[in-house]
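*Asks:* Mind having a look at this structure? Questions to follow.
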Amino acid sequence: MVVKNICCIGAGYVGGPTCSVIAWKCPDIRVHVVDKSELRIKQWNSEKLPIYEPGLEDVVKECRGRNLFFSNDIEMAIKEADLIFISVNTPTKTYGIGKGRAADLKHIEMCARKIAEVAEGNKIVVEKSTVPVRAAESITHILSANTRPGVSFQVLSNPEFLAEGTAVENLLHPDRVLIGGEESVEGDEAVAQLTWIYNHWVPTEKIITTSTWSSELSKLASNAFLAQRVSSINAISALCEATGADVSQVAVAVGKDSRIGSKFLQASVGFGGSCFQKDLLNLVYIAECLNLPEVAMYWQQVTDMNEYQRTRFAKRIVECLFNTVTDKTLAVFGFAFKKNTGDTRESPAIYVCSHLLEESARLNIYDPKVECKQIEHDLTSAAVTSDPERVQQLINIYSDPYEAVKDAHAIVVLTEWDEFISYDYRKMLSVMKKPAFIFDGRKILDHEALIKIGFHTETIGKRFSRNTLLRASGGDIKMMH
Ligand SMILES: NC(=O)c1ccc[n+]([C@@H]2O[C@H](COP(=O)([O-])OP(=O)(O)OC[C@H]3O[C@@H](n4cnc5c(N)ncnc54)[C@H](O)[C@@H]3O)[C@@H](O)[C@H]2O)c1
Ligand SMILES: O=c1ccn([C@@H]2O[C@H](COP(=O)(O)OP(=O)(O)O[C@H]3O[C@H](CO)[C@@H](O)[C@H](O)[C@H]3O)[C@@H](O)[C@H]2O)c(=O)[nH]1
């Protein structure tokens, strides 16, 4: 069999970009991306795509209608396909057994049942979503229990490692492509088919093949290791603030060790995104279920440290603002969980803002890409507040950062958008209440320059010396701590 038709179930942050790049790099393959959401598909077929990713629009425009199609016709797409990617969401369960920790696999199971119900002929089913170890076994079980005569399935694991904001770049130049398959002749044949697709643009030496279970676990392990690095440097940032060391200098010194490496050592207000927290909790849950409490506790600490970091930052803001933010206006710069995306899932901004709202601060929020409705939704959701009406009264969303800072007591930077670096902070200072504060939760601004022009500046993992602040405040620093 040579794969001529691909179907992808799930047109989200993974399914959309992944299949757009496959369509672009494999003009000989017809790629059909389907989703149960009519709105999402409408957006994929419109001028304004449902997700913002640098470079994605150009790829979609080139392939859409040629060999890339978006539709709600799930059954038709399954029937036509030789290979089916399952790219649906696997969020943390919010109910029942494993609530708050286990991955919710109901969408995966629905896909497996739909495939079994409508498929004709031989199909390769590829688990692209992030799943617990041995999820492929459940998929295989559901498929084989419902298989009709003349139909056969091979299930592969092919986890996705793209990061949002750099998805197209990551897909075009992956560090590795991981394919896990059954150790059998049929399994090897299916792995070879998927390898052939990636080989259109990914060199063979970057394509790793393993057992299905190793592949599934490698995805969870990769995210756990990445998140652990962020929590490790954030733990060091607290030590820096207490001792006078500078976490940026420590990160450079530590990262120069080639065994450690310099990436993912940027101290911050905490990690966010739809994956790290969810996948860590899933790993913890799996370890607990396997009666490995020490392993569970080890990884649990990575997410606990993240929560500590977000709370610590919010508390520091209140403390610096003379222990009260009630009725004070704070301009919040950035709401997305990282730059170059409009995604707010698990954004540290949600947690820091909700903490400040609990203290009755007024928040003027600006983000270059996040929709106004999304910010309102995130801050008024039941998980975040018991008083959504009060929150509505306290938040204002701006499309111009210079408007957002008018009469504000402080600026709080929560996302590392490049444009925040080049603002005219002198101009901003002139319209703010004095003393004016800036809290840089992403360590992207020129702190010395801000202090020089008169901002009381606070950042992660560094305390500015009393002398520097005294110079900036003309001696009036008594009220600060
Ligand atoms: N977002 C990332 O950067 C990223 C990166 C790597 C891996 N992952 C993993 O990939 C998976 C998908 O993540 P995402 O961010 O793309 O999620 P998403 O929520 O953006 O998209 C999932 C889509 O699947 C659709 N869907 C759900 N059930 C369906 C069904 N039965 N039939 C048809 N459509 C259905 C939803 O409507 C939604 O549009 C998750 O397991 C995630 O952990 C995500
Ligand atoms: O040094 C760092 C690096 C990252 N972050 C934060 O960590 C979070 C996650 O960042 P990143 O990993 O770049 O983005 P994601 O899109 O969440 O990608 C992660 O999660 C995906 C979903 O599983 C995986 O595919 C990717 O490989 C993995 O990097 C963001 O809030 C970042 O601001 C830091 O605070 N400091």
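Including glycine, each Cβ sits where the backbone N, Cα and C put it.
Just so you know, TrEMBL annotations are computer predictions that nobody has curated.
Below, the features straight out of TrEMBL:
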type	residues	note
ACT_SITE	C275	active site, nucleophile
BINDING	10-15, D35, R40, 88-92, 129-130, E164, 275-278, R345	NAD(+) binding site
DOMAIN	331-447	domain 'UDP-glucose/GDP-mannose dehydrogenase C-terminal'
*Asks:* As a test of the contact definition, list every same-chain residue at least 6 positions from Y13 (NAD(+) binding site) whose Cβ is closer than 8 Å to its Cβ.
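*Replies:* Long-range Cβ contacts: I51, E164, A167, S274, D343.
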*Asks:* List the Cα distance (Å, whole number) between N89 (NAD(+) binding site) and the residue listed as 'active site, nucleophile'.
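*Replies:* So the alpha carbons of N89 (NAD(+) binding site) and the residue listed as 'active site, nucleophile' sit roughly 10 Å from each other.
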*Asks:* For the domain 'UDP-glucose/GDP-mannose dehydrogenase C-terminal' (331-447), give the DSSP counts of helix residues, strand residues and coil residues.
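*Replies:* Counts, helix then strand then coil: 41 helix, 20 strand, 56 coil.
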*Asks:* Could you tell me the mean pLDDT the prediction assigns to the domain 'UDP-glucose/GDP-mannose dehydrogenase C-terminal' (331-447)?
*Replies:* 97
*Asks:* Roughly how many Å separate the Cα of T92 (NAD(+) binding site) from that of C275 (active site, nucleophile), to the nearest whole number?
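*Replies:* On Cα coordinates alone, these residues lie 10 Å apart.
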*Asks:* In whole Å, note down how far the CA of C275 (active site, nucleophile) lies from the CA of G10 (NAD(+) binding site).
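*Replies:* Per the Cα atoms, G10 (NAD(+) binding site) and C275 (active site, nucleophile) stand 16 Å apart.
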*Asks:* Would you mind ranking the recorded positions G10, N89, C275 by how many other Cβ atoms sit within 10 Å of each Cβ and giving me the lowest?
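*Replies:* Counting other Cβ atoms within 10 Å of each of the recorded positions G10, N89, C275, the minimum falls on N89.
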*Asks:* Should we count any of the binding-site residues D35, T92, Q277 as near ligand 1, judged by a CB under 6 A from one of its atoms, and which?
*Replies:* D35
*Asks:* Reduce the DSSP letter at D35 (NAD(+) binding site) to three states and note it down.
*Replies:* coil
*Asks:* From Y13, C275, Q277, which recorded positions have a C-beta atom under 6 Å away from some atom of ligand 2?
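*Replies:* Going through Y13, C275, Q277 in sequence order, those close to ligand 2 turn out to be C275.
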*Asks:* In sequence order, what residues of the same chain, 6+ apart, have a Cβ less than 8 Å from the Cβ of D35 (NAD(+) binding site)?
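*Replies:* Once residues fewer than 6 apart are set aside, D35 (NAD(+) binding site) is near I9, G10, A11, G12, G15, I41, F70, N72, I74.
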*Asks:* Here are some binding-site residues: T92, E164, Q277. Which one has the most Cβ atoms within 10 Å of its Cβ?
*Replies:* E164
